[in-house]
Amino acid sequence: MQVDRDLDKVGVHCAIKDCNLLDFLPFICQGCQGQFCLEHKEEKEHKCPTPIVKIGGTTVTCDKCESILPVPVNCFEKDILSMHLRKGCPKKTTVNQHKCSFCPKMESIKIVCPNCKNNFCIKHRFERDHKCKPRVNPPLQQTISPHLQNLLSQLRNSKPVKTNS
């Protein structure tokens, strides 16, 4: 039946193979990131390989992606870091995405000069600070197609039309 197949796309099946219960609001384990049903949401219920550190635990920060990783009790930081790197350490995301047109600095906000229309950092945002050279707009005649120019000239040369008002 088509409706049954559509419902499979809405929820997520419990990660426990013997359970495989379809859950519309699954629980995500903070340790292993698996998705589980209500019965298997606890770390001990699904035998979590990387349980989250509760009281008295520590964390370690990955130097490459700056992720904070929990270190379970009776585990070593170096083992957690090496496992994190093996799983595929995500690239560090940068907030600063707008490059200054005058220097190599990046900014988190876009600062566009109204005169030259280039992007700049806070230090070079004023025209005098980035040696602004305004963009020259081409004359209107150059931007209009020849066909449109012909129509405009015909309109200019035509006699006004009288209307009854």
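Keep in mind that glycine also has a Cβ here, set from the backbone N, Cα and C atoms.
For reference, Swiss-Prot has these:
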- Cys14, Cys19, Cys37, His40: Zn(2+) 1 binding site (BINDING)
- Cys29, Cys32, His46, Cys48: Zn(2+) 2 binding site (BINDING)
- Cys100, Cys103, Cys121, His124: Zn(2+) 3 binding site (BINDING)
- Cys113, Cys116, His130, Cys132: Zn(2+) 4 binding site (BINDING)
- 8-56: zinc finger (ZN_FING)
- 94-140: zinc finger (ZN_FING)
| request: Take the Cβ of His124 (Zn(2+) 3 binding site) and count every other Cβ within 10 Å, whichever protein chain it belongs to. | output: 21
| task | Write out the long-range same-chain contacts of Cys132 (Zn(2+) 4 binding site), meaning residues 6 or more apart in sequence whose Cβ is under 8 Å from its Cβ. | result | Cys113, Asn115, Cys116
| Which Cβ among the binding-site residues (Cys14, Cys32) has the fewest C-beta neighbours inside 10 Å? | Cys32
| message | Measuring Cα to Cα, how far is Cys14 (Zn(2+) 1 binding site) from Cys121 (Zn(2+) 3 binding site) in Å? | response | 49
| query | Where Cys29 (Zn(2+) 2 binding site) and His40 (Zn(2+) 1 binding site) are concerned, what is their Cα separation in Å, rounded? | reply | 10
| query | Taking the center of the Cβ atoms of Cys14, Cys19, Cys37, His40 at the recorded Zn(2+) 1 site, which other residues in this chain have a Cβ no more than 8 Å from that point? | reply | His13, Ala15, Ile16, Asn20, Leu21, Asp23, Phe36, Leu38, Glu39, His46
| Secondary structure content of the zinc finger (8-56), with strand meaning DSSP E or B | 6 helix, 8 strand, 35 coil
| note | Taking DSSP H, G, I as helix and E, B as strand, the zinc finger (94-140) contains 4 helix, 6 strand, 37 coil
| For Cys103 (Zn(2+) 3 binding site), which of these binding-site residues sit within 10 Å, Cα to Cα: Cys19, Cys32, His130? | His130
| How many Å separate the Cα atoms of His130 (Zn(2+) 4 binding site) and Cys19 (Zn(2+) 1 binding site)? | 64
| field | Spatial neighbours, same chain, of Cys37 (Zn(2+) 1 binding site) - Cβ under 8 Å, 6+ residues apart | value | Cys14, Ile16, Cys19, Leu21, Asp23, Pro26, Phe27
| query | Taking all residues of the zinc finger (94-140) together, what is their mean pLDDT? | reply | 83
| request: Pick the one among the binding-site residues Cys19, Cys29, Cys48, Cys113 whose Cβ has the fewest other Cβ atoms within 10 Å in this structure. | output: Cys19
| message | Which one is it, among the binding-site residues His40, Cys100, Cys121, His124, that lies nearest to Cys32 (Zn(2+) 2 binding site) by Cα separation? | response | His40
